[in-house]
């Protein structure tokens, strides 16, 4: 590791900090990060998988930073090498995971929302990304759905009511994100 100040690590979130959500980093930001790496140990963390983080920070991301934590830290790289990986499937077990996914798909199917576009649940090692509108929607459709959801609260109702009632026995943290 390149850090010159022992015991100091600068850890940055990808979406909304180093980049605009789901966008690539600017050349200036990438240059700044490499300069910073000459002074301290630098790590990046994101909720996305490594493929998506690589799209944002470059294909050599695991070698460009001292630490890379993808999927909310459940997949960890240090100095370009995988050092740890946890799995939601292992934690929950196949039956509980299937029950959760089936419940969510039924709930989304019954929602009367203006449009639905493709993948509604994306399974990652460390999380399930649920999108009632579907992950294949356009940016314009996302923006419209966000306005719609601010009035009808279908996402917050799902997370704060339905999941808690049906899955209170499962040790999961539910977070509402606004970017797909």
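In case you wondered, yes, glycine gets a Cβ from its N, Cα and C as well.
Per TrEMBL, these features apply:
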ACT_SITE  13  active site, nucleophile
ACT_SITE  15  active site, proton donor/acceptor
BINDING   13, 15  Mg(2+) binding site
BINDING   22, 124, 135, 142  alpha-D-mannose 1-phosphate binding site
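The Cβ of 13 has fewer other Cβ atoms within 10 Å than any other of the active-site residues 13, 15. The two recorded residues, residue 15 (active site, proton donor/acceptor) and residue 22 (alpha-D-mannose 1-phosphate binding site), show a Cα separation of 6 Å. Annotation for residue 124 (alpha-D-mannose 1-phosphate binding site): spatial neighbours 49, 71, 88, criterion Cβ-Cβ under 8 Å with sequence separation of six or more. Each residue contributes its Cα atom, and for residue 135 (alpha-D-mannose 1-phosphate binding site) and residue 13 (active site, nucleophile) these two points are 22 Å apart. The maximal spread of the alpha-D-mannose 1-phosphate binding site, taken as the longest Cα to Cα distance among 22, 124, 135, 142, is 21 Å. A strand conformation is recorded for residue 15 (active site, proton donor/acceptor) in the three-state DSSP classification. The distance from the Cα of residue 142 (alpha-D-mannose 1-phosphate binding site) to the Cα of residue 13 (active site, nucleophile) comes to 22 Å.
DSSP assigns residue 142 (alpha-D-mannose 1-phosphate binding site) to a helix.
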